[in-house]
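Novice: First the structure, which I've put down as structure tokens, then a few questions once you've had a look.
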């Protein structure tokens, strides 16, 4: 018999659980202080009431009901209104501030009856208990408390409600719960973490077990924003989006020719090169073409301020300010270090949802990669590209190469495998002078020009000239000239090798 699941309503978490939490069973949500355990349990109840019309009971062993209601308000959840509508009941089991003496044998019979009565009275389908740790802290006999909690869970299962219990742990990767017994009395275990990585906090959620059913394995990043918890279940993303044959212009006619007629409408383009090679200018031309077609576009800038972007675009004859005034362009500027990658991803998704652009640009990915782990950065890129493709948006990303000249790697963070089109921009030294070169390194699903061509930046924007004839190893950082005889000799040698094969 298949286990029925109850959607929590927490964005992304139900994807990790592959449908939600098992119905009529208990789930332990464990984490260190500040990981979001109480927020998780409140969001579970609030979404159940508001989205699934399932009344709930919240049992608090730590904070007072007044504090619970006040804190929930910061996420836009009006618990008092739900209480007034008899859709939510908050049972206060918090300790007496004046202290209390325990006489005789400890049991939770009275509390169990109060919870049972509230469930029946309000016809509750969901219960949240915050937290089990507080119960253990109030009483010394751990084995007795474990027995009583087991009784409580058994009663809740008998009634048929789906329960979420929180518990505190000491270390992010230590024992599941502080007293080492909480996980054994629950059917399911969810772990919330708030790990310090490169001087930044990164929140993750892991479903350790869902008894009798399947779930996704591993840790998944999440954020706590204005509307509560959002989980980024990247592993749940499916490659089911449609693929368009419609072409869009890059804003540079010669580059369109190099790409076989322009970019595909739903493609992700990456321009990579050293600083000053013209990446931001290509972004500006890409955005200008959207405006020319009366399409909306959005820019996420992590290296330059809005004023700098406007000034630079103006120098190329592009009026970003007018585009903004016409409601066809939105510019979001932020320091990469202002928040974590997951929060940046959530901001990008929110802005795209609200503005509904047909094109987006991120300048640059390398700025966001500073001071974060390779895995976290890769997850961010997958999240952005996946969402852009889901919304059928053309995306243009830039990446600043560390090497000023010579070859550089674009595969270290696996960005190259995620993007559809890659433009290589590079400085080259020819006859004692510095020049720029451009090459369409990759274009998925289309013919493209393989030549390395000269790339010139003028007051009117970019110009793409002919290829560097009679030169080879342009991108190696040490180009050298070949004579006409050498070139012809090379052709015959190549033909000779083919004949021998």
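Yeah, the Cβs are placed from backbone N, Cα and C, and that goes for glycine too.
Take a look at what Swiss-Prot says about it:
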| type | residues | note |
| --- | --- | --- |
| BINDING | 34, 35, 36, 37, 38, 74, 209, 210, 211, 213, 215 | ATP 1 binding site |
| BINDING | 280, 303 | Mg(2+) 2 binding site |
| DOMAIN | 246-501 | domain 'KaiC 2' |
| MOD_RES | 416 | phosphoserine |
| MOD_RES | 417 | phosphothreonine |
Novice: Where the residue listed as 'phosphothreonine' and residue 303 (Mg(2+) 2 binding site) are concerned, what is their Cα separation in Å, rounded?
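Specialist: If we compare the Cα positions of the residue listed as 'phosphothreonine' and residue 303 (Mg(2+) 2 binding site), the gap is 24 Å.
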Novice: Quick check on the recorded positions 38, 280, 416, 417: which one has the highest count of other Cβ atoms within 10 Å of its Cβ?
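Specialist: Of the recorded positions 38, 280, 416, 417, the highest Cβ count within 10 Å belongs to 280.
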Novice: Measure from the Cα of residue 303 (Mg(2+) 2 binding site) to the Cα of every one of the recorded positions 34, 36, 209, 211, 416, then give the nearest.
Specialist: 416
Novice: Rank the binding-site residues 34, 36 by the number of other Cβ atoms within 10 Å of each Cβ, and give the residue at the low end.
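Specialist: Relative to the other binding-site residues in 34, 36, 34 has the fewest Cβ atoms within 10 Å.
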Novice: If you count the other Cβ atoms within 10 Å of each Cβ, which of the binding-site residues 209, 215 comes out on top?
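Specialist: Output for this query is 215.
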Novice: As a test of reading the model: what is the averaged pLDDT for the domain 'KaiC 2' (246-501)?
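Specialist: Value for the domain 'KaiC 2' (246-501), mean pLDDT as a whole number: 86.
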Novice: Across all the protein chains here, work out how many other Cβ atoms are within 10 Å of the Cβ of residue 303 (Mg(2+) 2 binding site).
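Specialist: By my count, 18.
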Novice: Compile a sequence-ordered list of residues in the same chain as residue 211 (ATP 1 binding site), six or more apart from it, whose Cβ lies below 8 A from its Cβ; state 'none' when nothing qualifies.
Specialist: 22, 25, 187, 188
Novice: How many Å lie between the Cα of residue 209 (ATP 1 binding site) and the Cα of the residue listed as 'phosphoserine'?
Specialist: 35
Novice: Using Cα coordinates, what distance in whole Å links residue 280 (Mg(2+) 2 binding site) and residue 416 (phosphoserine)?
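Specialist: Rounded to a whole number, the Cα-Cα distance is 19 Å.
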Novice: For a quick check of understanding: given the listed ATP 1-binding residues 34, 35, 36, 37, 38, 74, 209, 210, 211, 213, 215, what is the maximum Cα-Cα distance in angstrom, as an integer?
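Specialist: Of all Cα pairs among the recorded ATP 1 binders, the widest measures 35 Å.
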